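So the structure is just underneath, and the comments pick up after that.
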């Protein structure tokens, strides 16, 4: 399988059991390499903490997810936030109506420069923007 770029929403699917978790796991298990912006690290930690605050995860489940996250992150090739990625993200934010973090993820994925790259994303805006920018996205479509 090709390289797969995981945004924070895709990583959360790996760490919790929810719709899309099976596909995220298959992408992780089958890819030649997993990549993501360094921005994903704090985003995922924040998402896990929010899930615990909302009582979607118990303290024990949170501890397990945080431990698993460290393992996933250690196996991920980080894409650095260079000046080029920064500037491209600014343009992508406007072109695709993206939030700042989503624009950074899309610019980071595009910076990889691999035409076979798959972008694993469950965030609706980023999914739409990545598709419009010509990326292969997984899942192919998001449920309405």
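Each Cβ is built from the backbone N, Cα and C atoms, and glycine gets one as well.
Per Swiss-Prot, the features are as follows:
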BINDING   7, 102  Mg(2+) binding site
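For residue 102 (Mg(2+) binding site), the Cβ neighbour count at a 10 Å cut-off comes to 27, with all displayed protein chains included. Within 10 Å of the C-beta atom of residue 7 (Mg(2+) binding site) sit 28 other C-beta atoms, taking all shown protein chains into account.
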